[in-house]
Structures are given as structure tokens and as C-alpha cells.
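These notes concern the structure reproduced below.
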């Protein structure tokens, strides 16, 4: 009788605590107007201004030293992006001028909105091949519309704070995708290297067509292309030599000489393209396969095309979007992935504001579409050049953008002499270092299971399609993740009595949360422990310290578990239960015994024995001393 009164008083105490908690929650509830006012004050604060318009942070501190660093870095990146822009336009299946149209607006916009001083926004190899994938019949209107829609989606994702979705794409998936994309891009450039002309849509088809047409190889193009590759690789290595490193005790002339060697190394693409163009200009007109005429002048500033023409038939916006298909989602996703990954790599230990980077990237694409740009994102190779060239602020992008504008205004008539073999060499030398073979061993050492999404993504991208490779990789990752949630590890151990005369109780310790995917597995493991080591008589204690929450399905499963033990007249105790989990368990289970700490397990055991004698259920939540 005393025991029943004690249990009743505990139940009332719990109800009192629960009621008090409800009253506190109600008293802390704010009105809608208060929330709106708080959000408005936060949005129009000085902190928000600095956060969403980063130029307001560094511009007041700008000085001559920053100007010098930005000028040198901007010029160096400009010499890199011009030949790359021309080459990447060809990868996208467009005329070279579209690559240059894509190379300057992002530089200007990012100066105002970008939070990372090193990043340069413009055309990249991966974005170019994805644009080629979704540009119907190589129609530039589709590429420009993709740029605009990608910008809108990226900006909208930033407004909705959806940047966290990127975290579901793991590093092995990114490594597999990047490596496969690099091989795909390099294989697509073999025809230009050999002076051939054919169409291919996959790696296998590219090599198949190459061997079919190998007899038509133009030895002049192949020789020039191979020589360009050798020179580019040697010049790339030059910047890593000690001779290019400025020493504190160097004289002025030595410093200038070292910097010149460094600039020659990082500006190798422009140098090789210029030299090859001069050679082609001096040779006979049919010696090399040339880029051909490029539309001269700056692009007109106009709205992106929301309709286009195909063989005399007008294609309206809805049909254009339908023709683009999954590209509307895939291209923004890859654009965000590339840019955030590069920003993180060059953050220098600082925290990256992914939302702000998405705002900046979205505006770069939106405004870029008004100057006929293809989709753009951060470039790892040019960002590395920018960083090593000593850039101080995002203002270096002004110099890069102006250099591209000047090239469009005055140099486009001379670009037609650039040999395609040299452009192919530039692309191949840029993408071969994107193959992340060096990550295979660390991934294996860290977690062998991560090899599955790595190779699944890589092989799917390489032999099927790039966008499907990402989906396959994410699917494998989610499957592995969900399997771990649904089948958590459960440790079972036997705790002996103090005199070691026999088992005192069997301790079952699930290693992860108690939610609906895992409840059947945990119930099965507890039952197995109760029938096996506990021999259907010894008390079983479930350690809930890893349970962060519980849902309805899990509560029903635990109720069935308690009923199973009750039918066997076997004690079952839950310990180390958090308040949230306790409320969930006690809401549906009447015959549950909860010891708030391991010290109370003995007391819980005595109460279980007493209740079995009474042969009636109860709800016991023991208070800790």
C-alpha cells in the first residue's frame, strides 16, 4: 500500500513538472509582430550590411599596397582567363566569343558581393561540358538562358538558406565527379589535338571515333599540340622552382627577375597561345586547323533570350525550359559545389559564409546572362593563380575584367589565327590535374565504405552521364547513411553481482538514436539479449544515453518490447533517459520502469520484483538522488 502511494506521488510530481513546463513555454511565446520587428531590425542593421555587401568591409581600409597586389594578380589572371575562355567556349560547343563574354561580368559583380578575396568567377571546364550537355543543337540562346535560370535558382536558394543541402554531397562523390568530368573533357579534346573533325557524346565514343579516323590525322596539328602540352607542363613546373621564390636579401633586379619568371609560369597559357598564333599567322593558311573568325566587339547589354528560333520555327520559353530538362537543377547544383569548395580551400582557416557566396554566384550568373554569358562559377586553377600572385582584395577582379573587355574590343580579329590544337593542349593541361587519384588512398584509410560512392560516381559519370553520376553517388551515400540509422550497433554485456556469484543484469547499449527506422532492430537485439545472456529471467537494462529523441513508431515498438518482457515475467529497466525521450516513452507505456542513473538500477530491480508479485502494470520514473 505504501509502495502504491509512493508511485502515485511520483506520477503527480511528474505531472506537476510537465504542467510547469507548459506554462513556461506559453509565457515565452512571442507574437508575430514581435518576430517581424526583430527580423526587420536584424535585416537593416550595420552587421547585415557588412555581411551581405562585403565591399563595405575592405574598401575603407584599401591602400596602395592592396592596389599593387590586386593589379599584379588581376593582370596575371586576365592573361590566364582569355585563352581559357576561348577554349572553354569550344568545349561548350559554342563560338569562342561566348567564352570571353562569360569572363568579365562575374569579375565585376564578385568584387561587390564576394566574401573570399582569392576567388575568380568565370567559365570553367566542368560548367562548359555541362552547358554542352544541355545546349540544344549548340544554340547559344539555350546556354544564355541556362545562365540566367541558374542564377535565379542559386539566388533563390540563398534567400531560402538552402545551402545546407550541399552537405549531402560528400567529398568522395565530388572527387569521383570531378575526376570523371576531367577525363571526359580531355577525351573530347583529342580530336582537336589530332586535327580531326567528328562528333562524340561519351568517353568511349570519343576514343572509338579517334581510332576510326586516326588515318586522317594532320601531323602539323599533332606536332604543334604535343609541343604545346610539353611547354605548358614545363612552364607550370617553373613556378615551383626555388629560382622563382623571392628571398629577403635579394637585390631589386633579382626580385624583378624572380617575379618575371613567376609571371611567365602563371601566364603560360597566354604565352603559348600567342606564340602558336604567330606561328600559324606566318605559315600557310592551310597548315594548321585554326579557330576561325570570331565576332568582334563587346556583347550588347540586353535581356536573356526567352524564346529562340529553330529551322524557322519559334521556340517559346516553356518549350526551351522543357528542352533543357534536368540541366536547370544540375547546373546550379554543380556551380554551387565548385564555388563553395574553392572558397573553403582558400579561406585560410576562416569560416566561409556559404549563403553569401551563393548570393554572389547567383548575381554573377543573372547579370552575366545580360551580356550573353554561359553559366559560370569559381575556377580552381585561376583562383590558385590569383592567390599565388598576391591578390589582396576582390578588387583584383576589376583588372581581370577590364583586360577581357579590352581583348574583346581590340584583339578579336587576331584570335582567328589561334590553332585549335593549341587550345586543345591548353584544356588538356588544365583538366588533367583535376583527376583526384591522390584521394583514393586517404579515403581507403579513413573509411573503406566510402570507396563505394567514390567509384560509383566516377564510373557512372564516365560511362553514362555526369548528372546521373552525381545522383548515383548521392543515392549510395544516403543508402549507407540510412542503413547506419536503421541498423545501429548494439553492445550487449553482462554485469555480475558484487560477490560475482552470477549475473546481476544484462546491459544493452544501442549506439545511436531511437527512431522508426531502427526500432525493430533495437527491439530484436534487446529481445535476443533477454532470451540469450539473460536466460529469460535475469533483468535487462537498456542504456538510453545515445537516444536524442523518439517518435511515435519507436514508442509503439518499445511498448511491445515491454509487453514481451512482462509476459515472461522478466524485469526490464531503462536508464540514462533524457527528458524528451522519457516523455515520449511514458506517454504510451504504462508498464515502464525508468532509472534516471545507473546508481538506481538496484532500486529499480527491487521495484520490478515487487510489481511482478502484485502482477499489475505501473509507470515509474525514478528521481535521481
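Placement of Cβ uses the backbone N, Cα and C atoms for every residue, glycine included.
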When you get a sec, could you say which of 98-122, 173-197 is annotated transmembrane segment by TrEMBL?
98-122
So which range, 232-250, 289-307, 422-440, gets flagged transmembrane segment in TrEMBL?
422-440
What range among 395-415, 500-520, 521-541 does TrEMBL describe as transmembrane segment?
395-415
Among 36-67, 452-483, 548-579, find the range that TrEMBL records as transmembrane segment.
452-483
Should anything in the same chain at least six residues away from the transmembrane segment (142-166) have a Cβ under 8 Å from its Cβ atoms, list it; otherwise answer none.
92, 94, 98, 102, 131, 134-136, 304-306, 308, 320-321, 323-324, 327-329, 331-332, 335-337, 340, 354-356, 358-359, 361-369, 372-376
Maximum Cβ pairs under 8 Å to the transmembrane segment (98-122) - stretch from the list 395-415, 422-440, 452-483:
395-415
I'd like to know if the transmembrane segment (324-346) touches the transmembrane segment (452-483) in this structure, counting it as a touch only when three or more C-beta pairs sit under 8 Å and are separated by 6 or more positions.
yes
Across the domain 'SLC26A/SulP transporter' (67-451), what does the mean pLDDT come to, as a whole number?
90
Residue list, the transmembrane segment (422-440) vs rest of chain: Cβ under 8 Å, 6 or more residues beyond ends.
83-84, 86-88, 90-91, 125, 171-172, 175, 178-179, 181-183, 185-186, 189-193, 224-226, 228-229, 232-233, 236, 269, 272-273, 276-277, 291, 380-381, 451, 454
By DSSP, how many residues in the domain 'STAS' (506-583) are helix, how many strand, and how many coil?
34 helix, 14 strand, 30 coil
